[in-house]
Structure formats: structure tokens, C-alpha cells
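Comments concern the structure below.
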2 protein chains.
Amino acid sequence: MTDVSSDTRLLRTQGVTAPAGFRATGIAAGIKSSGALDLALVFNEGPDHAAAGVFTRNKVKAAPVLWSQQVLTTGRLRAVVLNSGGANACTGPGGFQDTHATAEAVAAALSDWGTETGAIEVAVCSTGLIGDRLPMDKVRTGVREIVHELAGGLTGGEEAARAIMTTDTVPKQVALHHRGRWTVGGMAKGAGMLAPSLATMLCVITTDAVADSAALEQALRNAAARTFDRLDIDGSCSTNDTVLLLSSGASEITPSQQDLDDAVLRVCDDLCAQLQADAEGVTKRIVVTVTGAENEDEALTAARVVARDSLVKTALFGSDPNWGRVLAAVGMAPVSLDAERITVSFNGFPVCVDSTGAPGAREVDLSGEDIAVVVDLGVGSASASIRTTDLSHAYVEENSAYSS
Amino acid sequence: MTDVSSDTRLLRTQGVTAPAGFRATGIAAGIKSSGALDLALVFNEGPDHAAAGVFTRNKVKAAPVLWSQQVLTTGRLRAVVLNSGGANACTGPGGFQDTHATAEAVAAALSDWGTETGAIEVAVCSTGLIGDRLPMDKVRTGVREIVHELAGGLTGGEEAARAIMTTDTVPKQVALHHRGRWTVGGMAKGAGMLAPSLATMLCVITTDAVADSAALEQALRNAAARTFDRLDIDGSCSTNDTVLLLSSGASEITPSQQDLDDAVLRVCDDLCAQLQADAEGVTKRIVVTVTGAENEDEALTAARVVARDSLVKTALFGSDPNWGRVLAAVGMAPVSLDAERITVSFNGFPVCVDSTGAPGAREVDLSGEDIAVVVDLGVGSASASIRTTDLSHAYVEENSAYSS
């Protein structure tokens, strides 16, 4: 038997260009007034162009989300263009035309360089302040420049990962090489997806495995439900959250669905850990696990309620083992629980047993950066975890001065 | 026609002892190590002793809530004893025995002074840190002392209001004199009730109107649903929240149910405004109103989602008219809305029309202490409001250092 774990390594030095058949880079197109990188392109050279996506559940969807959902109905993509410096959300019909024009510009530039491409093969992602139109002259010029660079052979997954950053302090990317035969790579920014989000969460994952759009869709939905959907920084959900998965088939290997699911899950999980660690204002990385629930959905609901509770999050910011707030929070979760039989531990130390304080509970040391909160509801055997962060002064500072 | 408004004045210089037939005071019993007032008693001399209550919806209920819910099934109360300095929540069977013993001590002391009283006529309320047992020797001594003081004629509604304070900076009380004929008085601490709460919310309301427990129950449920239940500071909900309404009948006036409902509603509404203004870390008093909803429940749900959103609350702390966050928040509310037809105004200035930014939206001045956010969902004609506050550094500071 081969040791699978050592043969399927995660490398954070690589990203979306680790799989064969993908090129990517990022440039400064002038969308951000700071002059930082703000435009990224991920280009799939093929031979396959299968793709799948998951998007924000927010009813208020940004123009690029509406566009990308539409083009994904074909199950194929040649390219993804991403910009920071503006969310293009709540921008009306004009904003949707801007997204369409961006896709057209990418398609035209790629066609000029010999890859016949239609706008319908180009997904668009945007992140930044809601409500402002994009500077389309800069976007158009940037698109021509970035396609020119990629066509000329320049490629850099890390530059792409940098170009999608907003309040992120570091780029996030990772690659998984499956026994040296096929590869999954990914990049992400922000922290949030589906239910959660503190800023827009954008993520592009690539693979050189042979997989059709149905296989990609299954792998992506499975992974998103277990990773991005369980990362909850502040309970908010962006208008722009998008996760895309593209396959080039360039490895000529067709993995089993299980192997594909596992690889995509591991890449998404690692990107989530990176997003959590770089969340706005984070001083503590917190995992809230609920056990003893009637079923996994209820465990997840209860964990999310605790993970979102401002009083729990501020207590943990203060390294304060104030377990009573955990009980007060979980008591409001719309799930079955035995109010007399709840147990809570912090970092493995039982602080509350049968809904009453345990000896030494007030002295538990939570001064470290990682805090594990485990809550047992006492009614079943299902469990689930939510990753979150503390609620710190830095979070308030960053978010009270974002747009001004 | 009499001018009703001038004849039913709200006076914040009076509280639970404004109605005839009630005595109250607060003492320092040593439950708080600071030596501050920490024990209050409200005593109904009658002739009637009707009462009603509403309690936290948290599944994890403190011992005094379980006790008071039980005694309220009789529809009558002679006294309410309240302590700060300890919530007596998550304290197990021993904690419940402590509550029972406290009620017994009050009943015995009142009986000693000539008012034959059973423990079942005494409601108990507690507030403070969750998880610690109360120092019962101090509670017992304090109960004897406070009954002695009341029996000796000493009375002071404001002392009672002070004795229930925790992180409150000012006592909250108000009285409404209905055309000089009958009176409703109340006191409150904390901020929260039912869905909301940042600390325990305790409130005792008294009236000398003649009203049976069914009439009181209707008036209280009606008022709580429109006031305390629409005050949402941080989405948390205490294990101890309690609102009690007692009538002495001492005025010998039996008001119509409508007049009673109106008076109790006005007292509760004024106490809510006081709680909001003194909420932990508040720098802005915010009212989120949702209009254009399909029904009032959906309006309320949407307003609550916006009022709880950390990104909205931090933006308003920063006086930042970042209306995009309001759209992102309301888009996650589980209600009907037209995602293309949402309008938002800040302090009456339209910042978003048909889900896109309005001219001048980024320059709206939100530097004042009061901010009105109005969101129209564009699908109906129902509306509802939630009172909340901003998310400030002071909130984080206060709540990261509460128990330690």
C-alpha cells in the first residue's frame, strides 16, 4: 500500500497554475486608486473546459454573480476574470452591462491571440465596495494587457491571488498533487461564502484531472458545504461570493468521483483555514464544535449560533472563559437540547457539566491564538463544526472605516 | 375634549412606587463585592394582588425564571425580590433551591411584619454573571433588612431601580399618570428581552388600576411584543430576562382594557428608549424601519436582520453611510423582497433607490447620535421597526472584560 497522505501533499507555494493546462496572472489596472494589483485572469488552455460554480445565497446579487451563474449553465468556461477595487453590486442595469462588456473584452482579446472565445465562456468576479460603477476604461485596457501578458507566456498564480485581495493581508493559495498524477490548485480572498462572509469571498479552483461538469459540480457542492459554508466570521453574507472549479483534463487522468471529491475538499478546507487566519481583526482562531445533537443539521445550526454570538466572541477576544455566554447562546438555537445536560469544554478542559460550572472553569487559560469550543447538547450523537474568529477592536476599527 | 396627551404624562423622576399601594427600595446586601446596591424589593400592599409576567425564550433558563414562571401560574404576587451581582443561572438544583429559599425568606420576613405571605406569592429575579451560586447568607440577611426597612415606612423606587443595575450607568424608571386617576410605574435594567439582550433585562411594572391577571397579561404581552421584543442590541438573549406587571387596585378605578394596554405600552416604550440609550458601548441610537413588506412579521424579521448585522453596525459607529452593507444584510433576510426595487434612506436622505446608489449617498452626514435607517422592500405595505445601537470599541471593551 502506498501512503496516501504523503503522496497527496498540500503546497501553499502553488495555486491555480499548479495543474497542467492553466495560466494565470494579476496586474495593476488602476481600478484601485492605490495602484495595487487589482485585475486577475485565470485561463484554461484545455483540452477540456468543464466548469462548475457555487454562489452567494444573498437575494441581492452583484452583476458578476448574475452573469457567471448564467454562463455556468453551459457547464464550460475558458477563462475567469476577477477584479478587486469594486464589487459592481447594486449598480443597476448599467452595472450588468459593465460585467457583460468585461466578458466580451476578455473573449475578444483571447480570440485576437488565437484562442477563439465567446463571452459566454468567460466568468466574471468582482470584489470591493458595493454601489459604485467600475471604471470601465481601466478595466478594458487592463483586460487587453493581462491577456497580452498571458499569451506572451507570463504566468503566475500568486500574482492572480494577490490581485483579488481587498482587506486580506496575505494571498491565499494551495495545490494538492494527487500521487504525482493529477493536481488541484486554488486561490481565494476574503472570508465568507453562502451563509457567512465579512468581505466578499472569491475562490477559483483548477484541476488537470479529466472530469465533466457534473463531476465537478458534485465535488464542489460537497466541498463547499463542508468548508466555506462552515466558515462564519460575522454572520454576514456578501452579494458577490463565488467559488468556481475548472478542469483542463490536461493530465489525461480520470480520477474516481471519490478521489476528486476528496482532493477538492482538501483544497477548499485548506483555503478556509487560510481565510480564517487572515479574517478582519482576527486575534483568535476559534472552532466551535457541537456534539450530542439529534442530527448534523441541528449540530451545524447550534454551532453557527454560538459562533455568531457577539458576547461569546468578545469574551474569547478577552481570553475570558465565560462559559455562561456559550450556554446563553446555544439556548437560543432552534434545535433539540437537554437544558439540564449541556456540557462545554474550552481547549479540552471541561468548564460546564450538566449545565453547571465545573471546578476550575474560571481559570482555564485561553491566552493562545487557537480556541476549541465543544458543546454537547445531550440528546443525540450527531456533530458539526464551524470555524470563526473573535470580535476584536481591530474588527470594529477596520469595519467602521472601510468605505470612508 | 380633554387633551389626553397632557393628561397622561410620563415622568422619569418616578417609578414603581408612583402607583398607590406599592413600596419598594434597594439596599447593599454585600452580594456585589463593590459594596454597591444589589438587592431590591417591590411590595404590593393591595388591596389586589393580580400579576402577570413574560420571560426569556432562551431554552437555558435561570433558576429565578423557572421559579417565577411557576408562581405566576396563580396570577397573583405580593412581592418581587430582585438581586444584581449574580444571575443564578446554570447553577443546577442547588441554584433552584437558593431561589426557593430567597422567596421563603421574603415571605417569612413579610409575615413577621404582619403581612401573611407565602413563598408562592414572591417572584424572584436575578442578574449578573452566569454560573456562580449566590452568597445565600448575604441574601438572607439582606432580605430581612430590606423588609424591615419597607415595613418601617422607608420607600424609594429609585433605590430599587439602582439596586438592579449591572453594567447600566443610570437607573431607568418612569411613571404615567392617567388623567390623575390611576397610575402605571416601572423600572428596568439591562437591555434585552425575548429575542434580544446584551445583559439580562429585568423590568417590574406596577399599577394601582383595578385589573385582574388576565387583563394584566393581555396588556403586558401586547406591550412586550411592540417594545422589548423590538429592542435588539446584539442579538443575544439572556437566561434571566423577566418583565413583571403587578396591580394593587388601590386607585379603585377599573380602566378599559384599551386604556390599560395604552398606558402599559407607553411605559414599556419609554423604558426601552432608556435601555437603548444606556446600552453597552452605545455611541449611536439607531432605529431600523422596514417598509414595503408583505406583512408585519416579515418587516420585523428584515429589520432585525439589518439591526443585527455587524458590518452595518460598525459602519454606523464610524458614521459611514455605507448603504451597500444594508442591502447585503437585508438580502439575507428570509422574507419576500424585490431585489431590483429596494430603497434605503439614512436620516430621511435617500441613499439607494431601486437597489442602486443615489446621488450624494456617500456624503450623508451621520455624525449625530441618532440614526434612522429606513429600508423599503418594494413588495407590500407592511412595516415595523427595531431599535438597536452601533457596534463600537466600547462594546468590545466592556464585553471582553466582563467576568474577569
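Backbone N, Cα and C atoms are what each Cβ position is placed from, and that goes for glycine too.
Taken straight from TrEMBL:
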- B:T200: active site, nucleophile (ACT_SITE)
- B:T166, B:K189, B:T200, B:E280, B:N399, B:S404: substrate binding site (BINDING)
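Features as recorded by TrEMBL, highlighted on the structure.
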residue: B:T166; record: substrate binding site; DSSP class: coil
residue: B:K189; record: substrate binding site; DSSP class: strand
residue: B:T200; record: active site, nucleophile; DSSP class: strand
residue: B:E280; record: substrate binding site; DSSP class: coil
residue: B:N399; record: substrate binding site; DSSP class: helix
Residue among the recorded positions B:T166, B:T200, B:N399 whose Cβ has the most other Cβ atoms within 10 Å: B:T200
Cβ neighbours of B:K189 (substrate binding site) where a neighbour is any other Cβ within 10 Å: 29
Of B:T166, B:K189, B:T200, B:E280, chain A-adjacent recorded positions (C-beta under 8 angstroms): none
Cα-to-Cα gap, B:N399 (substrate binding site) vs the residue listed as 'active site, nucleophile', nearest whole Å: 13
Cβ atoms near B:E280 (substrate binding site) (within 10 Å, other residues, all chains): 25
